[in-house]
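Feature annotation from Swiss-Prot assigns domain 'Chorismate mutase' to 7-262. Feature annotation from Swiss-Prot assigns L-tyrosine binding site to ARG77, ARG78, ASN145, GLY147, SER148, THR151; the stated evidence is similarity to another entry. The annotation L-tryptophan binding site is assigned in Swiss-Prot to ASN145, GLY147, SER148.
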Amino acid sequence: MDTAIDLSDASKALDLANIRFQLIRLEDTITFHLIERVQFPLNKTIYIPGGVKIPNEQISLMDYLLRETERLQSRVRRYQSPDEYPFFPSALEKPILQPLDYPKILHDNDVNVNETIKTRYVQDILPAICPQFGGREDRGETQENYGSAATCDVSCLQALSRRIHFGKFVAESKFQKETEKFVALIKAGDRKEIDEAITDAKVEQKVLERLALKAKTYGTDPGFPEQSGPKIDVQAVQDMYKEYVIPLTKVVEVEYLMQRLKGTQWE
């Protein structure tokens, strides 16, 4: 899909300054999508297989909408982009557009944490971030905005997936800058040391501080900052990054690097 990074130029795609810009841009995207989602209650029913009756289907409403969205978007090349990873790869179809000519940017790998992202989103992130609406229970299909909530979920999940899997670009860039160091760590199979080598605690703290400021700023009506109240729980957004987004990104980076030597002169 459209991106601030020129993925047709491998050198630009692996420039850490460009990657950082894209990750900051994705913070905006994720925050705005979450603000849209918290207009609605949790609506647990839409995550239960069969909770909403769908003809000839036994999956949840959210999974159904996510799968069919990916099916449609695959026709316009979304998943030909090296920074996009589907939750339902078997649903993808042949694009109606001619393929884009992407250079080889990433080393061949099969790292995909979408199932974990989806599980954490449904079980942990949403319950923490969705308002209680006076503690009311899910009132059912005819009284709740199930379709709108699930549509927002699709946008949130796709943005989170893209942000987390962008760790591959970070890992490849770091590998190319410190090849000898990472080759030794990879050959030793030392995931802990690799994790420490890719971690910058100061940068992570800046990310969390910036994200909290964005959630507070974007979630406040500038015309009525005192009367309107926050649109989203700032702490919950920050906690989401601290507990899930950053750790899962590092899992992607480490597992990508563990496969980085396959088929190379270092294998």
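Each residue, glycine too, has its Cβ placed from N, Cα and C.
Annotated features taken from Swiss-Prot, shown on the structure.
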residue: ARG77; record: L-tyrosine binding site; DSSP (3 states): coil
residue: ASN145; record: L-tyrosine binding site; DSSP (3 states): coil
residue: THR151; record: L-tyrosine binding site; DSSP (3 states): helix
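Across the residues the record lists as binding L-tyrosine (ARG77, ARG78, ASN145, GLY147, SER148, THR151), the two Cα atoms farthest apart are 30 Å from each other. Annotated L-tryptophan site ASN145, GLY147, SER148; additional same-chain residues within 8 Å of its Cβ mean position, judged by their own Cβ, are PHE40, GLU144, TYR146, ALA149, ALA150, THR151. Its own atom aside, the Cβ of ARG77 (L-tyrosine binding site) has 16 Cβ atoms within 10 angstroms in the protein chains shown.
Taking each Cβ in turn and tallying the other Cβ atoms within 10 Å, the top scorer among the binding-site residues ASN145, SER148, THR151 is THR151. All protein chains included, ARG78 (L-tyrosine binding site) registers 18 other Cβ atoms within 10 Å of its own Cβ. Remark: GLY147 (L-tyrosine binding site) has LEU61, LEU65 as non-local neighbours, by Cβ distance under 8 Å and separation of at least 6 in sequence.
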